[in-house]
Amino acid sequence: MAFEQRIEAAMAAAIARGQGSEAPSKLATALDYAVTPGGARIRPTLLLSVATACGDDRPALSDAAAVALELIHCASLVHDDLPCFDDAEIRRGKPTVHRAYSEPLAILTGDSLIVMGFEVLARAAADQPQRALQLVTALAVRTGMPMGICAGQGWESESQINLSAYHRAKTGALFIAATQMGAIAAGYEAEPWEELGARIGEAFQVADDLRDALCDAETLGKPAGQDEIHARPNAVREYGVEGAAKRLKDILGGAIASIPSCPGEAMLAEMVRRYAEKIVPAQVAARV
């Protein structure tokens, strides 16, 4: 089964469990609204790619890890869009959850998706409890403080911001989780896979900064120019467009070089190359 089918099937099963017969109907429908359409599902696809490169001897556990990670990511988007943070009106081409359902339900939706992510891992633990425990730990570390997406959001409240630490926590954290969890699910050590995740995450953030500066809202599927409006730290402000484009090229080259030795190393390198082609904004593609 293709990665996309595996991810969507496991995601649908997780959401269906959260929409049980006694669930409040508005919150139940908000759960599905928050995770669909799924976009590129970049993080879970990366996780399954690493697991496959490492042999993927427990595909059910890999699927659970992929969905747990994506649920956390979707939760972070719901919370990021709230009025107290970005106050965004559009996400993935449709009204944000708080616009469609209300702010209280958006908060509950994000909270529910976070809990659901860890529940998915707990339910998958019977066959490989040690691996499952490592997966829970890896995901928790990259979700909370001091190195997770919560820390990334927290950096935006600081007067002095370390751009590298900010990017590593806000965006890199879940990419590190993706590569490490893919390895763990297949029985490999997590630590050697941190650099690959960090580099892919930084590349994604720099590319996102370039898109935010250069693309319009229709192209993005969300409001453009948000970094400038909210005075957020970003690579374009730090390096300029040309400098950010060069930085992106360097990061992507380093990502391929950082892939640890594994049976599917060549396949994974090709996946990273294809991913690079997708994330580079058209306006700067010729420069990288």
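Each residue, glycine too, has its Cβ placed from N, Cα and C.
What Swiss-Prot records for this protein:
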BINDING   R43, H73, R92  isopentenyl diphosphate binding site
BINDING   D80, D86  Mg(2+) 2 binding site
BINDING   D80, D86  Mg(2+) 1 binding site
BINDING   R91, K170, T171, Q205  (2E,6E)-farnesyl diphosphate binding site
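The structure, with features from Swiss-Prot marked on it.
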| residue | record | Cβ neighbours (10 Å) |
| --- | --- | --- |
| R43 | isopentenyl diphosphate binding site | 24 |
| H73 | isopentenyl diphosphate binding site | 22 |
| D80 | Mg(2+) 2 binding site | 17 |
| D86 | Mg(2+) 2 binding site | 20 |
| R91 | (2E,6E)-farnesyl diphosphate binding site | 23 |
| R92 | isopentenyl diphosphate binding site | 14 |
| K170 | (2E,6E)-farnesyl diphosphate binding site | 24 |
| T171 | (2E,6E)-farnesyl diphosphate binding site | 22 |
| Q205 | (2E,6E)-farnesyl diphosphate binding site | 23 |
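Taking CA atoms as the reference points, K170 ((2E,6E)-farnesyl diphosphate binding site) and R43 (isopentenyl diphosphate binding site) are 14 Å apart. R92 (isopentenyl diphosphate binding site) sits 13 Å from D80 (Mg(2+) 2 binding site), counting Cα to Cα. DSSP classifies D86 (Mg(2+) 2 binding site) as coil under the three-state reduction. The residues near the isopentenyl diphosphate site, meaning same-chain residues not in R43, H73, R92 whose C-beta sits within 8 angstroms of the mean position of the site's C-beta atoms, are G38, G39, A40, R41, I42, E70, C74, L77, in sequence order. In the three-state DSSP reading, R92 (isopentenyl diphosphate binding site) counts as coil.
When the Cα atoms are compared, R43 (isopentenyl diphosphate binding site) and T171 ((2E,6E)-farnesyl diphosphate binding site) turn out to be 11 Å apart.
Comparing Cα positions, T171 ((2E,6E)-farnesyl diphosphate binding site) lies closest to H73 out of the binding-site residues H73, D80, D86. For the pair Q205 ((2E,6E)-farnesyl diphosphate binding site) and D86 (Mg(2+) 2 binding site), the C-alpha distance works out to 17 angstrom.
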